[in-house]
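Structure incoming, see below.
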There are 2 protein chains.
Amino acid sequence: MIQLRKLDSTAIDFQETLDALLAFEAETDFAIEKAVTDIIAQVRARGDEAVVEYTNKFDRIPNGGAADIHAFEIGQAELDAALASLPDAQRTALQTAAERIRVFHERQKQELQGFTYTEADGTVLGQRITPLDRVGIYVPGGKAAYPSSVLMNAVPAKVAGVGEIVMVVPTPDGVKNQMVLAAAAIAGVDRVIGIGGAQAVAALAYGTESIQPVDKIVGPGNAYVAAAKRRVFGAVGIDMIAGPSEILVICDGTTDPDWVAMDLFSQAEHDELAQAILLCPDAGYIAQVEASIQKLLPTMPRQDVIRTSLTDRGALIKVRSMEEACEIANGIAAEHLEISAENPRQWAEKIRHAGAMFLGRFSSESLGDYCCGPNHVLPTSRTARFSSPLGVYDFQKRSSVIEVSEAGAQTLGKVAAELAYGEGLQAHARSAELRLKT
Amino acid sequence: MIQLRKLDSTAIDFQETLDALLAFEAETDFAIEKAVTDIIAQVRARGDEAVVEYTNKFDRIPNGGAADIHAFEIGQAELDAALASLPDAQRTALQTAAERIRVFHERQKQELQGFTYTEADGTVLGQRITPLDRVGIYVPGGKAAYPSSVLMNAVPAKVAGVGEIVMVVPTPDGVKNQMVLAAAAIAGVDRVIGIGGAQAVAALAYGTESIQPVDKIVGPGNAYVAAAKRRVFGAVGIDMIAGPSEILVICDGTTDPDWVAMDLFSQAEHDELAQAILLCPDAGYIAQVEASIQKLLPTMPRQDVIRTSLTDRGALIKVRSMEEACEIANGIAAEHLEISAENPRQWAEKIRHAGAMFLGRFSSESLGDYCCGPNHVLPTSRTARFSSPLGVYDFQKRSSVIEVSEAGAQTLGKVAAELAYGEGLQAHARSAELRLKT
């Protein structure tokens, strides 16, 4: 039996209890900060040599370690061989997922084309969209090596038109994950290097003899990788530092309770800090979901992780109405929001904040995690209030284009000079005034 | 006489010299970090009381300081009075600038509308765009109080449809900048509070009794404000932490050299760390610009700042050709890039990285700083390689929408289950499989 947390939105202390449950602040570990600072400094000073030393040590590279950085290069032939080595069903599934992800992200690209307009006096104003030159994708090694993450990070970069995609993936004990390499082959990654940790992040950010510096680094990693990404931010762009993954299910009580229980499990199985919450106006239905949880949990291979996650951070919440469920969901701003209900769009219209919304009982989060097409890299820890899924736009940037006509300079120059003098910036004012006809 | 740095792209050590000149790394000041950490902790613990204490002290509020937070509220009537009090020419200039900024940013909004598409089996996929609920705008007080920055930060938020815009602006010695308050009135800021520093950032990020927490904080500030913004990032969104401002002018030698000299000054006058660089293939023309600099510098009120900036960080660079100038410009990825040349678009096509491009001799940066319409908050320190001007998109976020049909769940479910089993995530697989018809 698992002891589940049950809350009721009519309780006086409900909001307080919910806030405490949602609260998650990553603690700063100064030992990690210090180690990462040293590693970055060493890689900046000694380049490939330092990368090789750290990799041999931290990844326990066998046979006394690699002699030089080239030993970590994973060439196109090896990627192709990994793809060929997969069972047919697995290879086809990866290819299908990649194609669907590509199609969705092409729509994102189509939406952002830039614009130009010409004013009556001939002045032209616009916004130009260009891809990044070079991007680094970090892929964790070992247990948490997910080929789906390779697709979700690399395909949008490819669609954006990034010039070169460099993937780093550690090979602990020298072991390579064939499914990860196959995903790199499918996604069209340009270069794969079998290195990881803060040393790989430093090499991508600042470059070494053998690695050209990139413009942005994306992808998940452990606490060292996260600390390194924070540290190099500014020299390069980074994606969000993700917190624990979350699912919020709003259910009107019309979905098979086993389905909802399994959807909660699919989030909880990620790790002990993951969060799975159900909002439902029907107490009887909540009891059915609880019974499903009790019944299904013992059948799950990852039941220990699920139990800890649900016990520590999960909740089944009885709400007054579906309307109230939507209000609460806006406060939670969940990474994944399932609206498992009849006519789900009426409720989706009330949602202002969510990383991804899954509408209707057939839209399980797991379908979106792998192959619907939208990205599975989503804002966690309530950051969906102000940030977006990873997308093509993360691999593009905008430049303003301003082409003022001689006539335009006459009217704009007077306005600019007036404001510049008001701010005490006389060179700004004079620069505008020099363009005025006397 | 000012001693100007002159470089030649044919010199063997040119790239090295240029890299050294461009290098700028903001140093971490641990005394500031410590002070900011304390201030944030106090505001989180004691709310308004702490904000009032810090404000009375740091801003030297006269008459023994304010008794409570309400004393710092600057109401709509006071904003309207500030607008009415401006000289007509200044008020009109601010209004013209605001209107032009609004028109440009409306185009940005039009471009990003979201999308939806339906697949053959009835599955619907899409992306929804929504504005942020609440945004905080930081406006510096004292000398560097720029009404144009109020417009450039608040107007895009307003266009995005942000629910509430809260502006904070310190009033050192109790003095309010009327032009800044007037700009807030024009931009339609919802609430203005006369507080600043790390205490204002903390209040916006975490909320107090009298201030609701915001979702994102934008706007420039001093080292304390920058440190506080970095610290609260995650709890709220922030814009980029800006480095010193820069201009790069590419000139083919056909622009009046006085104009180019004044454009370089207009950047250099910002502060001693600002950077102004000229690239030109014509040595004779470079000499003319130098003569203009020598002639005009003594006429500038801010000549001391300009002299230090140009001496320490400026350069006049002779290049082989306009083509080479464009290549070098891509390496510099300047915040502001002027292409002061005949047929500037032929060169603009070769530019991949720049915050804003100013094409043709009439497009001085100063016009863009105030009133062309595009934003003047631009990526500095080579970050234009991966980031964009501030825009409407910074006040919006995307949510993925996934509505899988029963038929769609049959095909997608098999793909997802195959990949989930491959990754060892069995609950993900089972969640997909439960939706399969048996």
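Yeah, the Cβs are placed from backbone N, Cα and C, and that goes for glycine too.
Worth saying up front: this structure is predicted, and the values here are computed from it rather than measured.
I grabbed these lines from TrEMBL:
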- B:GLU335: active site, proton acceptor (ACT_SITE)
- B:HIS336: active site, proton acceptor (ACT_SITE)
- B:TYR138, B:GLN199, B:ASN222: NAD(+) binding site (BINDING)
- B:SER245, B:GLN267, B:HIS270, B:HIS336, B:ASP369, B:GLU423, B:HIS428: substrate binding site (BINDING)
- B:GLN267, B:HIS270, B:ASP369, B:HIS428: Zn(2+) binding site (BINDING)
If we count other C-beta atoms within 10 Å, could you say which of the binding-site residues B:GLN199, B:ASN222, B:SER245, B:GLN267 has the fewest?
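It is B:ASN222 that, of the binding-site residues B:GLN199, B:ASN222, B:SER245, B:GLN267, has the fewest other Cβ atoms within 10 Å.
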Is there any among the recorded positions B:TYR138, B:GLN199, B:ASN222, B:GLU335, B:ASP369, B:GLU423 whose Cβ is under 8 Å from chain A, and which ones, in sequence order?
B:ASP369, B:GLU423
Between the recorded positions B:HIS270, B:HIS336, B:HIS428, where is the Cβ count within 10 Å the lowest?
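Sparsest of the recorded positions B:HIS270, B:HIS336, B:HIS428 by Cβ contacts within 10 Å: B:HIS270.
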An 8 Å radius from the center of the B:TYR138, B:GLN199, B:ASN222 Cβ atoms defines the neighbourhood of the NAD(+) site; name the other residues of that chain inside it, in order.
B:PRO140, B:VAL168, B:PRO170, B:GLY196, B:GLY197, B:ALA198, B:ALA200, B:VAL201, B:GLY221, B:TYR224, B:VAL225, B:ALA228
Whole-number Å only: compute the distance from the Cα of B:SER245 (substrate binding site) to the Cα of B:GLU335 (active site, proton acceptor).
7
By the DSSP assignment reduced to helix, strand and coil, which category contains B:TYR138 (NAD(+) binding site)?
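In the DSSP reduction, B:TYR138 (NAD(+) binding site) maps to strand.
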Just the number: how many Å between the Cα atoms of B:GLN267 (substrate binding site) and B:HIS336 (active site, proton acceptor)?
9
Hey, how far is B:GLU335 (active site, proton acceptor) from B:HIS428 (substrate binding site), Cα to Cα, in Å?
46
Under 8 Å Cβ-Cβ from B:ASP369 (substrate binding site), six or more apart in the same chain: what's there?
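Spatial neighbours, sequence-distant, of B:ASP369 (substrate binding site): B:SER148, B:SER266, B:HIS376.
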Distance check, please: Cα of B:ASN222 (NAD(+) binding site) against Cα of B:HIS270 (substrate binding site), rounded to an integer number of angstrom.
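Per the Cα atoms, B:ASN222 (NAD(+) binding site) and B:HIS270 (substrate binding site) stand 14 Å apart.
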